[in-house]
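Below is one structure, written out as structure tokens; the observations come after it.
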Ligand code: SF4
């Protein structure tokens, strides 16, 4: 099925983005990449140590698009510096903005995120902001130059699934940007659900990294994401009442 | 408002009867909750939790793996100076002991840094005895500036400082503060701290909060277990952590559970913290504060450390010396005896064999780049 997904000028055939953060060994990364079929992988710049014998980036297969994230940033200014450092370190020009001020639940700070998006998009980065699903914030991110938005399904690492489903539904229908559901997806069925809803892609880390068999789980997610996408394309996605443009029943009232 | 006010209330609780009052059902209820309350924490620390330890451990492990994954951050302490003006009855650096004291010169700091960095470690905790004249904040600052060339992350464990001093150190590149209250029970605190400025309980108690205000990225607290009733001490520690976490959500609040260790003197603690008790404490910390880092030091023996890594611990020290200059020269007096003498490589191998990834670098200070 031809259903290319273009982001930042790159055409992706996989709509599953994965993470690098929680594996029991870095050597699992290439194996998970292969099983998941993923083409985009996030890496926390704070974890990158070019001088280390076990540098995380050296485990990422070269065909992957790197999505360095700004985890650890507490302000827009810090996120901007991390992004610039990542680009200077040769990690490419994609960046996932993560500005988090709340260490209890790790919820993103949308306002600071919008500020960072604006600065980095102007510098030519492909900016993917991680956000709390809020419509006006999403619109401002688009205006600020985001290439996609990454709303959370539920708090990071919680594996609680799509607790923000109603808000995601609104973002998907109202914001003219790819919506990549990030954080909270714990099961393949939830990834499928996000895709059925019309999300452009999903990003996962914990669910694969902490599974008993991460490779089998990666494969399960690959299939779930692809099934969910097919269902959406087939028209099984949510039928929006507001999507009916003209009402045939009252059409005679001119 | 400071934690001192909360402490005043918590001190009034009837602990003796409280510990007996909890039932297994209270523990099971706590196990099902998302956000635990004060009474759940008490239940988890009470004798009623003992028969449920395995069940609690399973939940603690699940929480740790979802929030932190299969990784373990490694760091090592580096002692800069052993001058101390206090007399704490449990420590070899106490001013009453007569041994040649020293303080590393910038050159020696560099030598130590090179020796430690060659093991692969990138996170460092620098320590001093408590002496404002021999190892003032300005000295620590000079050392940190050197150390930053080798370590992306440097934390400090020094005498309590003012907010302004903490801020100055943060600006010089320190990103974390560790400060143990040692003992929360005030009467015992007075008994154990015989002489010196450390006697001022409240100055110490409020210091982690000053660290949060100064903007440190992480603040780590703990009680030295074994000095007073461990249940009550662990309870106070966790409540202190919760207080800081609620008030300073931008700061990562971490916990340590150090047990008393042999040192130069004769003092023997009056409360016996068994391995079982230590496990119960760590598990209660994890359930009460699911996102907090929990540090395990080399005070604990290797075989026990090998088990504890599965129960909620997220940071471990490795390749440790508790002597000033102990990584690149001999002859210092250790602050206390360590139990786990394994090298960084041995710890790394052990973690890998247990399905965990040792993480050497998990932070990078951004002050250098515009
Ligand atoms: S515990 Fe600290 S303050 Fe007390 S004697 Fe030892 S070094 Fe000095």
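Placement of Cβ uses the backbone N, Cα and C atoms for every residue, glycine included.
Database features, via TrEMBL:
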type     : residues                          : note
DOMAIN   : A:7-248                           : domain 'Thiazole synthase ThiG'
ACT_SITE : A:96                              : active site, schiff-base intermediate with DXP
BINDING  : A:157, A:183, A:184, A:205, A:206 : 1-deoxy-D-xylulose 5-phosphate binding site
Cβ-based proximity (under 8 Å) of the recorded positions A:96, A:184, A:206 to chain B, or none:
A:206
Please report the distance from the Cα of the residue listed as 'active site, schiff-base intermediate with DXP' to the Cα of residue A:205 (1-deoxy-D-xylulose 5-phosphate binding site), rounded to the nearest angstrom.
14
Which three-state DSSP class does residue A:96 (active site, schiff-base intermediate with DXP) fall into?
strand
Across all the protein chains here, work out how many other Cβ atoms are within 10 Å of the Cβ of the residue listed as 'active site, schiff-base intermediate with DXP'.
27
Provide the three-state secondary structure of residue A:205 (1-deoxy-D-xylulose 5-phosphate binding site) computed with DSSP.
coil
DSSP on residue A:184 (1-deoxy-D-xylulose 5-phosphate binding site), three-state: which is it?
coil
For the domain 'Thiazole synthase ThiG' (A:7-248), what's the mean pLDDT in this predicted model?
89
Around the Cβ of residue A:205 (1-deoxy-D-xylulose 5-phosphate binding site), how many other Cβ atoms lie within 10 Å? Please give the count over every shown protein chain.
22
